[in-house]
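Some features that TrEMBL has for this protein:
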- A:18-436: domain 'DUF112' (DOMAIN)
- A:20-47: transmembrane segment (TRANSMEM)
- A:59-78: transmembrane segment (TRANSMEM)
- A:107-133: transmembrane segment (TRANSMEM)
- A:145-162: transmembrane segment (TRANSMEM)
- A:198-219: transmembrane segment (TRANSMEM)
- A:254-276: transmembrane segment (TRANSMEM)
- A:316-339: transmembrane segment (TRANSMEM)
- A:351-375: transmembrane segment (TRANSMEM)
- A:387-405: transmembrane segment (TRANSMEM)
- A:411-441: transmembrane segment (TRANSMEM)
- A:462-484: transmembrane segment (TRANSMEM)
């Protein structure tokens, strides 16, 4: 027990580790906030120059960058409507309208506190329930992964403003983009148009930077003559009453974040979107209508995406399966340091598990400090003339895209996606479903084929498994209910319930 | 349902038709992968997705057609209005500058092309103020060098 506590407090008591965690968190906030710079990219670069370091020092810096980066993405989402990370897509839905209303300071302050609550909740779950959640995730069959991904796409599609058809179209289009390249099983080209260059696929970061960075830059050219929004940053630290008001929603969405984050491959992006959807469905009287600056629409995704960080560590440390892209890179870092992430890690190197738990908690404390301190400085970004900011965004997008594979072709793709995204945006299509489709499409394809192969390509048998397996059944019922909720059937049922006379 | 009464945006119908044509092209490509040779073949999932694309695209077209026309007049007038509303000269010039920037990176160095792109873009978008544009561009290129080359050691084009 005393050993566990000493591992837990290692990062808190060692000045070197303390400094590295603080540095990582601070840098992570600003890396996450810069459009075109992703936390995945930053962690990938870090791994390359920290492999000669002592493992705890490397992990301290990486954990700080991860925690800070996930949170930092929300800043550009709020101030510029450009999510710095996929997990901040949902933050922009209400965060940007809040900035336009002159409440950016309060929005960032509240998002900071809620991120810390979510992050600490995720860490607590990681520490207390990791083996249990790991066992749950281990029991998932390929059909369940398919259903989870379908649920994610359906949810993000249903979030699209105005039209479910547009949301579904965008998600399906993203899925097709995600499938471009060589089939992993038969090595056959799919959607490559016979081009050898496309056999390697299109990296989702290229699509993300194009759709969120370049498309937004082009879209912002319409409002070039509008003076920059002067942000109200006098009220930064949210009042206790405000925090307490949103605490129940924050705790509920923290649970969503941890659970979704613990699902392999499903990270903070889906957690945030699911939490936003939860808020939309359960909050009857939001502070403002959702999409127009509702604080509830900010609290839910911000808590969930931070809680998902702790969740994402669960399958990584207990099963060796990454919870998201960043933990996939961290697995690589652990292997470089001679560690073996998976069930044996807890037995062979328990100090790594408890050190990570303590380090995550510490990074969240630093997040609270740096998050609330640097708001005024960062808010000045939006006061920069757009005529300077827009060209700079394009340059950052070019740098960010080129750094993935050092390919100029991908930079051209990024610009192409940006122009396409601009027109999609003009005609009322959302970008979030496209990105989710790109990320989840290959996973769905793989899970579908594994699921079908497991039942000998017999759809009836698959249906039987969907109905007989508890996890599959819950997911199937969830998907069916969401689908029914978006069809005239739900309206008819509601009408029927209202019209049914009460009998005494 | 209120949205169905809103007028179509100029060019919206053409854009939706193009999206539907894209969906049809994707369906043809998906069919070309493996036809419908098996429920777990490489082409099965892409076929399913392309069917969803076609269905959703059809529904979007239906919804668009139900809304009143934008009232732009003949196609020439509509094209003019489309350009004025959605692709004004400012966006056109910035697109040309962006493409020229990407093309110039390969034969000029990254820093020189970035500096020229920032300078020309800021000059055009701010309608003048050459000294401020020159100083800003130089400052931004310096920051990019410090951040990406020195701090992060990122591979630059």
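One-based numbering along the chain as shown.
Cβ atoms here come from the backbone N, Cα and C positions, even for glycine.
TrEMBL entries are annotated by machine, without manual review.
Counted over residue pairs 6 or more apart, the CB atoms of the transmembrane segment (A:198-219) and the transmembrane segment (A:462-484) come under 8 Å in fewer than three pairs, which marks the two as apart. With a threshold of 8 Å between CB atoms, the same-chain residues lying at least 6 positions outside the transmembrane segment (A:107-133) that come near it are 67, 70-71, 74-75, 78-79, 91, 95, 98-99, 235-238, 242-243, 246-247, 250-251, 253-255, 257-259, 261-262, 295, 298-299, 302-311, 313-315, 317-318, 346, 353-354, 356-357, 360-361, 363-365, 367-368, 371-372, 375, 378-379. Long-range contacts of the transmembrane segment (A:462-484) within the same chain, counting only residues at least 6 positions beyond its ends with a Cβ under 8 Å from a Cβ of the stretch, are 139-141, 143-144, 147-148, 150-151, 154-155, 158, 451-452, 455, 490. At the 8 Å Cβ threshold, with sequence separation of at least 6, the transmembrane segment (A:59-78) comes into contact with the transmembrane segment (A:351-375) through 3 or more pairs. For the domain 'DUF112' (A:18-436), the predicted model reports an average pLDDT of 81.
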